[in-house]
């Protein structure tokens, strides 16, 4: 069998195990043709391969490229002042009520043009790529007008054109009530003006809503979901981060790809997510940074068979984090997730949360050839160590980056 590139003498984490584990292969190879994997597995069981080029991995580990399935990467401004306020005792709600929080970033993002937004966002993207990320989601939500939301999504598209990475755009117009606005009137604008325009321009694949007592109600979220589905957009939700608004249960009824945060998720919401196949996206960076104490119900989610994904939640206010490796460590330490769960959370399950499990997140024939090659002794090293970047090489669509 002809292939363009062959990586051999490697240890693999295929994430393709029947038991849901890492799918470890001790003496493995990965063969790529036209940007897709044609074989990934044990060298001894491989077909005869005729590569145009071959790379000896010298027993390094290969995993699927990392996938960050929840980010707010495109924004302007800085909220270090709010960090200081929280250290002095202010709560998330206190800061938002005083005109800070999301709307502070809205003001800065509205004031920035495309070039300024791109310049601010590229270093954050490059930091993620430097830790093996090959796909990431980018949400809007810091514009809160049609023109400014489109601007954010346009910059997300520009980032994908400038780097070897897949960007999955999500419209998060229902992130906060605009300064001086009224929630119901704004939701009407989101549904009747923004969603149709963004869908027509092909700028987003999904919508997201911040369903919370200081943002939008369950009824308002449902209105967004109805409009989104009418325009062919998929559903995601920020749910149960600060209180139980039953947003995850609602989103699951609409076949949501994921419900994210979910610290206050109850058993009814868990059952709804399990029945719908909705992924739980856990965001330990936000939990850590806001010094939260309400743990997401990890054990109950496991028992129910809800897939567990992880993400950085890169954003300026509650998770200024661009390190998936540190997010894995946080998930293990704070949420007591296992090594296998942490690695799967940034690969196989993250792909599921983005509706891409048919081509991303695993090493097997037919998948896109997105790889991360690591200088580690064992998979646990990716989760165990902090401030350590063992990435040897990143491969996107079969090309070394």
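Backbone N, Cα and C define each Cβ position, glycine as well.
The Fe(3+) binding site annotation in Swiss-Prot covers 70, 72, 238, 313, and the record cites sequence analysis as its basis. In the three-state DSSP scheme, residue 313 (Fe(3+) binding site) is classed as coil. All protein chains shown were included, and the count of other CB atoms within 10 Å of the CB of residue 313 (Fe(3+) binding site) stands at 27.
All protein chains included, residue 238 (Fe(3+) binding site) registers 31 other Cβ atoms within 10 Å of its own Cβ. Look at Swiss-Prot and you will find 70, 72, 238, 313 tagged as Zn(2+) binding site, backed by sequence analysis.
Under the heading 4-imidazolone-5-propanoate binding site, Swiss-Prot lists 79, 142, 175, 241, 318. Long-range neighbours of residue 175 (4-imidazolone-5-propanoate binding site) (same chain, six or more residues apart, CB within less than 8 Å of its CB): 102, 139, 140, 141, 142, 144, 208, 210, 215.
Annotation source Swiss-Prot lists N-formimidoyl-L-glutamate binding site at 142, 315, 317. Within 10 Å of the C-beta of residue 317 (N-formimidoyl-L-glutamate binding site) we count 24 further C-beta atoms, all protein chains included.
Take the binding-site residues 70, 72, 79: by the count of other Cβ atoms within 10 Å of each Cβ, the lowest one is 79. Surrounding the centroid of the Cβ atoms of 70, 72, 238, 313, where the record places Zn(2+), the chain contributes additional residues within 8 Å, namely 71, 139, 208, 260, 261, 283, 286, 311, 314, 315, 319. The closest partner of residue 318 (4-imidazolone-5-propanoate binding site) among the binding-site residues, by CA position, is 72; the full candidate set was 70, 72, 238.
Each residue contributes its Cα atom, and for residue 241 (4-imidazolone-5-propanoate binding site) and residue 313 (Fe(3+) binding site) these two points are 13 Å apart.
Long-range neighbours of residue 315 (N-formimidoyl-L-glutamate binding site) (same chain, six or more residues apart, CB within less than 8 Å of its CB): 71, 72, 75, 105, 286.
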